[in-house]
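Trainee: Input: one structure, supplied below.
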């Protein structure tokens, strides 16, 4: 990239040669993983050559590289024409207004849409039952929004990279599952308990590890997350092992069960019984939980604690020299994040009706982290948008018929979801390393409020 | 005693594979101070390259095991090196000078990408290869329990030893090794003295990937089964080995690898096989919390 900008204009031959090199590299990467597919045949693995696919991929890389080079050329030419050399680099306060206005309007819009989604879905598809797909999808997305907002406290605000967040999700889910199946406690008693347990676990795990440097901290949280999952798999007497815990009691409308008959929800309110009532209730439950997470975060950012988090994210050493107790500050962020993870976990358990360790593997942590990172680490709206795009997007693509026509009958966009997740994480780090710049605006400032420029966050000790 | 000797052999075999992977972690950390989270998945990619290469060679009718092994070794090393190079070039180089967690997040992205790339390209099922090398030496036999050293284990230890010797020579005695060590000590100063730092970092990734490729091939031979998700756990264990040995220290990575291999096999043999991964993860956490500089590493000084 840099080379392309210094050489103001490369000859078309040079561009073609460069793109050819890229295609060659792509060819090397495709051999033999793409070029031969291994399938279990009658006598061992059998190979199916797929050279057409390889050729297609290489051609795509070639074309993309040519386009990229041409775009870069044009940009370089434009930069050469502008008089000031400073304009070439990113300005320090990159349009704070445009970035700021969007979140201010966006979050209420998002919440408003989320509030009316069941109604819209029911009207659009003609009845509650046909709308079930949309409401279920909404529940799924909101679960991830909530998890993202919870993790956002830890990663986005306090700047602690937590790769084991799913452990707290698991603690919450298993707390509810065990408390309700063994002790017969209701969901409404278990929900705060699950959050409490997860928060306690957060403190317990957080206490020894929070002295560690950023990337070591990330690895240790990963290790703890995996340990919890492995214990859940192997401690069969309590957790049911890999099979998990089944027949977890369902949520009640504050004590009123969703069932047919006079003492059920529909009987009490004089409605005709409809199993969809429970689904809609679950939808609003997770929406409320997510909004609580968001509200608490927004309020905390205005407290000294929240400011300490942000300061910690920017520069830990400066924080320490100003007398902020970094361990305690980190611990509160960790515990709060864990608590919201626990709430989300118990919601997961009550919605699914069963829990198993499979739902709490590292990939889940990575997905939640990806949502936070893509959302721009610290931005509430960004996380919501990322969750919608990343969880809802592939779901929607699956229903588009023409994709199946193009890529064949067995095409499932969900397969490619994680592939795109990974690529998007890398791309985000390269082009938008700290998310939407506007959210680097300090909550409190001395004198004029200025966005924290890219040059200032370079060597952050997060 | 017999069981002990047998487990010692098994542990050292496993440990040498972990050691080979751990070198990739430790070199990269030494030179640019990042945890290359995707290294385990580069290792996994190499196992697939090796697997398919074996199948292609079999299809071509090459029946000599030694020749096939050598060809596969070369092919796997070359192609995995290309992977290591590309990953560094695309995902890490643009991030140099970014904030500290950026490369780690990018590496997690690469890790997710690689495992799912292989899953999409090859399917989610486990792939198994018939054993290429059977039999072994019986060291001694008592009360019906034979302590054996299989040919596979001999091969793994021999290849690892030869490779480590060559690698040691490369780092200690060649211009590249000098440049690599110079960049590790002070990147800015090395650049001022005319060392092409970017090229050295690229080569470091390539070298790490080559060692991971050898580990991948040996892993495939030893276990005979690979799957797209196989990068994660061996990767974390190798990283544990690197941390245990003192991250940044090359002999430390090998020693750490051997120790992790031994702990894992002894743990499985004497305590419980279910919790063997818990043991590895616990060691990782304990070492990082209480002994972050490891056995042979230098204590890190935080400069402002």
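A Cβ is built for glycine as well, from the same backbone N, Cα and C atoms used for every other residue.
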Trainee: In TrEMBL, which of B:136-153, B:154-171 is tagged transmembrane segment?
Mentor: B:154-171
Trainee: Any chance the transmembrane segment (B:201-222) and the transmembrane segment (B:12-35) have 3 or more Cβ pairs under 8 A, given the pairs are 6 or more apart in sequence?
Mentor: yes
Trainee: For the transmembrane segment (B:242-266), could you work out the same-chain residues 6 or more beyond its ends whose Cβ comes under 8 Å from its Cβ atoms?
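Mentor: Residues 7-8, 10-23, 25-27, 29-30, 164, 167-168, 171, 184, 276, 279-280, 283-284, 287-288, 292-298 contact the transmembrane segment (B:242-266) from elsewhere in the chain.
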Trainee: Please work out whether the transmembrane segment (B:12-35) lies in contact with the transmembrane segment (B:278-297), by counting C-beta pairs under 8 angstroms that are 6 or more apart in sequence and asking whether there are at least 3.
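Mentor: Counting Cβ pairs under 8 Å, fewer than 3, so no.
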Trainee: Please report, as numbers and ranges, the same-chain residues at least 6 past the borders of the transmembrane segment (B:99-121) whose CB is under 8 Å from any CB of it.
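Mentor: Sequence-distant neighbours of the transmembrane segment (B:99-121): 32, 34-38, 40-42, 44-45, 48, 87, 91-92, 228-229, 231-232, 235.
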Trainee: By a Cβ-Cβ criterion of under 8 Å, what residues six or more beyond either terminus of the transmembrane segment (B:42-62) are in contact with it?
Mentor: 21, 24, 68, 71-72, 75-76, 79-80, 83-84, 87, 114-115, 118, 122, 127, 129, 132, 208-209, 212-213, 215-217, 219-220, 226, 228-231, 234-235, 238
Trainee: Quick test of the contact rule: Cβ under 8 Å, at least six residues beyond the ends. What residues does that give for the transmembrane segment (B:278-297)?
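Mentor: Those are 233, 236-237, 239-240, 243-249, 251-252, 255-256, 260, 263-264, 267, 271, in sequence order.
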